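Feature annotations, courtesy of Swiss-Prot:
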BINDING   T69, T70, T71, N165, G251, S252, A253, P254, D255, N263  NADH binding site
BINDING   R86, R96, R111, Y118, K163, N165  (2R,3S)-homoisocitrate binding site
BINDING   D194, D218, D222  Mg(2+) binding site
Amino acid sequence: MYKVAVIKGDGIGPEVIDAAIRVVKSVTDKIKFYEFEGGLSVFKKYGVPIREEDLEEIRKMDAILFGATTTPFDVPRYKSLIITLRKELDLYANLRIIPNFKLRKEIIIVRENSEGLYSGEGAYDSNKVVDFRIITRKGAERIAKFAVKLAKDRSTFLTFVHKANILESDRFFRKIVLDIARKEDVKVREEIVDSFTIKLVKDPWNLGIILSENMFGDILSDLATIHAGSIGIVPSGNYGEDIALFEPIHGSAPDIAGKGIANPIGAILSAAMMLDYLGLDGSIIWKAVGRYVRRGNLTPDMEGRATTLEVTNGIISEIYRLDEYEIDEVWRDEVRLGRILLEIS
């Protein structure tokens, strides 16, 4: 029996995670879920986004399923829950899969998750604020190995997106990435981040495995969601040496919280990635979601009228219709990403 920590978070987080748990339970009985509080509501009660005793219990889990968190501009001393978890658990690799189920294609982005401009380090006084863009050898080497192995296992190339023509930190990062790729005989295409955004919009399907720094990767993956139909269907995994956290990449969307119209697909696919990481099989969920999306009856963010409950029930119905081994060839590599990444970590 696998132990999975559940942090539903704020806004629509509880709604989409409840949906994901229902779907997981429809395909396996080998997971026990343990719920922990976290997010802005916890900060308002305890002064921290997650309590230390809860964090210690979470470290003992096999994986984490995370919803969404609100990070307001105007709450003094509040630190983002997800950034706190990434730092505390050293979740250094962020894998984002942007699927287009109608085309049966995907964009895969590997984002360095612990350093760069999101390192949370800097200095300020009343006249100046500085955020440090930190790239360390350790951080660059481990994310490069992660992305290069993923590219090699999928028999594709690596697209390294940077700003090395301007930033010294990216020159350092670039050298390490190229050295590791050369040793593993993986081809690297280099792209300057500015011009790459145009390629990502116009011709996204021949980019191999995309690797970039923390902030660049965050922005690029959000931009890429235009090819998915909605940010609400995009899953992600945050991988460390000892544990991994899975979350939809969308925010807490407080404007629609409680209305029953949040898109649960990103959370459901994140749970599928979690199953693969645990050595179970998330492929049936990918297949069922693909069939459901192609049939239609989607939530308002995808120009539909369906509720969260209707989408969840529809996906579970598709699961029950599927033969366990009925998997589209085009998705075979993708649905086993978690296993590949488990070997890396």
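For all residues, glycine too, the Cβ spot is worked out from N, Cα and C.
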Binding-site residues: D194, D218, D222, D255 - member with fewest neighbouring CB atoms within 10 Å = D255
Ask   = How far apart, in angstrom, are the most distant Cα atoms among the (2R,3S)-homoisocitrate-binding residues R86, R96, R111, Y118, K163, N165?
value = 29
Ask   = For the binding-site residues listed here, T69, T71, N165, which shows the highest count of neighbouring CB atoms within 10 A?
value = T69
Note = Cβ proximity for R96 ((2R,3S)-homoisocitrate binding site), under 8 A, sequence spacing 6+, ordered by residue number, returns I108, I109, R111, G217, S221, A224, V234, P235, S236, I249
Query = If you count the other Cβ atoms within 10 Å of each Cβ, which of the binding-site residues R86, R111, K163 comes out on top?
reply = R111
Ask   = Counting only residues 6+ apart in the same chain, whose Cβ is under 8 Å from the Cβ of Y118 ((2R,3S)-homoisocitrate binding site)?
value = I83, N214, M215, D218
Helix, strand or coil at D218 (Mg(2+) binding site) [DSSP, three-state] = helix
Query = What's the CA-CA gap between R86 ((2R,3S)-homoisocitrate binding site) and T69 (NADH binding site) in angstrom, rounded?
reply = 13
Note = Cα-Cα, D255 (NADH binding site) versus K163 ((2R,3S)-homoisocitrate binding site), nearest Å, comes out at 36
